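Peer 1: First the structure, which I've put down as structure tokens, then a few questions once you've had a look.
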Ligand code: HEM
Ligand SMILES: *[C@@H]1O[C@H](CO)[C@@H](O)[C@H](O)[C@H]1NC(C)=O
Ligand SMILES: *[C@@H]1O[C@H](CO)[C@@H](O)[C@H](O)[C@H]1NC(C)=O
Ligand SMILES: *[C@@H]1O[C@H](CO)[C@@H](O)[C@H](O)[C@H]1NC(C)=O
Ligand SMILES: *[C@@H]1O[C@H](CO)[C@@H](O)[C@H](O)[C@H]1NC(C)=O
């Protein structure tokens with residue numbers, strides 16, 4: 001009796017283990033069914049990113065936005081429908097770009113291996129390959145993500161950190177996707193490349209507490225420079241470099257600026273308010289750059305696993321902007 005029960009438990013344990021291993025991402029997931037998949041992505045990026053290097057930042061951000069809402073399931077790529085406002089069309093989308101780039105890669109993949117490679121994996125691979133092609137860090141991208149069928153604007157609002165976040169807001173939104181304070185510090189380092197619209201920070205320049213004031217934590221000279229570009233509190237079209245002076249270089253200068261009260265967003269400045277994060281930033285700044293690259297890469301790999309759909313969950317979309325009919 002006892003042994004029957006024991007083997008029963010053993011069998012259930014094995015089933016759980018098999019179930020778990022089935023549900024994992026793996027390196028080279030497409031090796032059998034579409035051996036060229038990763039090469040097709042990488043070649044496309046290699047051929048085209050240099051025509052628009054600023055797109056690398058946009059593609060990295062797309063992956064972040066995807067993973068934070070319903071997991072990395074390409075829900076960020078879905079179009080709105082007459083009855084549903086998608087993530088794409090919710091306020092946190094400000095300046096999300098790169099959708100056409102993803103679509104063109106997906107077409108190449110569909111031409112070689114129809115219905116095999118998920119849009120979610122394309123987003124993850126493209127983010128990595130674009131950053132590598134423009135001189136940034138690399139990381140492992142295990143594959144096997146499946147595409148989600150739902151995208152809700154309200155969930156983008158609820159799950160993506162606003163630029164006005166304080167440290168505890170940031171920590172809890174990162175914790176929702178399995179990321180800790182260290183991942184937060186490292187991944188915020190992505191703001192070493194790319195641009196921001198004035199509207200994402202103009203409250204700090206013109207009306208910080210609602211009395212027409214400026215954020216005292218923003219260095220005066222820097223605030224003045226930003227005001228010269230963002231001339232009115234309601235400007236929604238002008239944009240600025242997030243890491244002035246090295247906007248295209250993936251380096252440590254984001255952190256240098258941060259400690260000198262030249263972080264662009266309140267969420268950037270908020271990293272200094274945690275003593276642990278502050279110490280870690282100082283440690284990163286001691287270098288070498290390779291250390292930041294290595295740690296950033298580890299956090300990216302971790303982000304890329306956020307609530308992924310695997311096995312038979314979801315689907316493999318034919319077109320990234322719509323669910324299969
Ligand atoms: C920590 C919380 C974060 C907040 C509050 C935040 C907020 C923002 C905002 C407001 C913008 C500017 C959008 C615009 O006005 O055009 C931006 C840009 C950007 N963010 Fe973040 N972000 C965060 C974390 C991340 C993470 C984790 C990544 C990637 C790993 C990332 C990558 C980027 C990149 C690359 C850009 C530039 C996009 C471009 O040039 O088009 N951000 N972020
Ligand atoms: C999704 O929306 C974009 C922009 O509105 C549009 O260009 C594209 O054709 C749409 N995709 C599909 C499959 O309808
Ligand atoms: C962002 O959302 C607005 C509506 O809030 C929409 O008009 C705009 O096209 C969206 N941008 C992108 C890149 O999807
Ligand atoms: C952070 O912001 C939230 C509101 O968004 C507020 O409830 C909380 O008290 C703030 N935390 C700190 C430490 O300021
Ligand atoms: C500043 O914010 C307050 C409160 O939201 C608002 O009443 C006021 O009109 C704003 N002032 C400016 C200059 O935008």
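Just so it is clear, glycine is given a Cβ too, placed from its N, Cα and C backbone atoms.
Below, the features straight out of TrEMBL:
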type	residues	note
SIGNAL	1-23	signal peptide
DOMAIN	24-324	domain 'Plant heme peroxidase family profile'
DISULFID	34-113	disulfide bond
SITE	61	site 'Transition state stabilizer'
ACT_SITE	65	active site, proton acceptor
BINDING	66, 69, 71, 73, 75, 87	Ca(2+) 1 binding site
DISULFID	67-72	disulfide bond
DISULFID	119-320	disulfide bond
BINDING	161	substrate binding site
BINDING	191	heme b binding site
BINDING	192, 243, 251	Ca(2+) 2 binding site
DISULFID	198-230	disulfide bond
Peer 1: What does the structure give for the C-alpha distance between residue 113 (disulfide bond) and residue 65 (active site, proton acceptor)? Integer Å is fine.
Peer 2: 27
Peer 1: Using a Cβ cut-off of under 6 Å to any atom of ligand 1, determine which of the recorded positions 61, 65, 73, 119, 192, 198 qualify.
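Peer 2: The ones that qualify, in sequence order, are 61.
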Peer 1: Which of the three DSSP-derived classes (helix, strand, coil) applies to residue 87 (Ca(2+) 1 binding site)?
Peer 2: helix
Peer 1: Taking Cα-Cα distance, which of the recorded positions 65, 66, 67, 75, 198, 243 are within 10 Å of the residue listed as 'heme b binding site'?
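Peer 2: Near the residue listed as 'heme b binding site' by Cα: 243.
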Peer 1: Nearest to residue 198 (disulfide bond) by Cα, among 34, 75, 161, 243, 320 (recorded positions)?
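Peer 2: So, of the listed recorded positions, the one sitting closest to residue 198 (disulfide bond) is 243.
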Peer 1: Report the residues of the chain - excluding 192, 243, 251 - with C-beta within 8 Å of the mean position of the site's C-beta atoms, for the recorded Ca(2+) 2 site, in sequence order.
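Peer 2: Leaving out the recorded residues gives 189, 191, 193, 246, 247, 249, 250, 252, 253, 254.
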Peer 1: Which one is closest to residue 61 (site 'Transition state stabilizer') in space, judged by CA to CA distance, out of the recorded positions 67, 75, 87, 119, 192?
Peer 2: 67
Peer 1: Between residue 34 (disulfide bond) and residue 67 (disulfide bond), what is the CA-CA distance rounded to a whole number of Å?
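Peer 2: Residue 34 (disulfide bond) to residue 67 (disulfide bond), Cα-Cα distance: 24 Å.
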Peer 1: Just checking: which of 73, 75, 87, 161, 192, 251 have a Cα that is within 10 Å of the Cα of residue 67 (disulfide bond), counting only these binding-site residues?
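Peer 2: The binding-site residues passing the 10 Å Cα test are 73, 75.
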Peer 1: Compute the average pLDDT of the predicted model within the domain 'Plant heme peroxidase family profile' (24-324).
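Peer 2: Residues in the domain 'Plant heme peroxidase family profile' (24-324) carry a mean pLDDT of 96 in this prediction.
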Peer 1: Select the closest residue to residue 161 (substrate binding site) from the following recorded positions, measuring between CA atoms: 65, 71, 192, 243.
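Peer 2: Of all the candidates listed, 65 is nearest in space.
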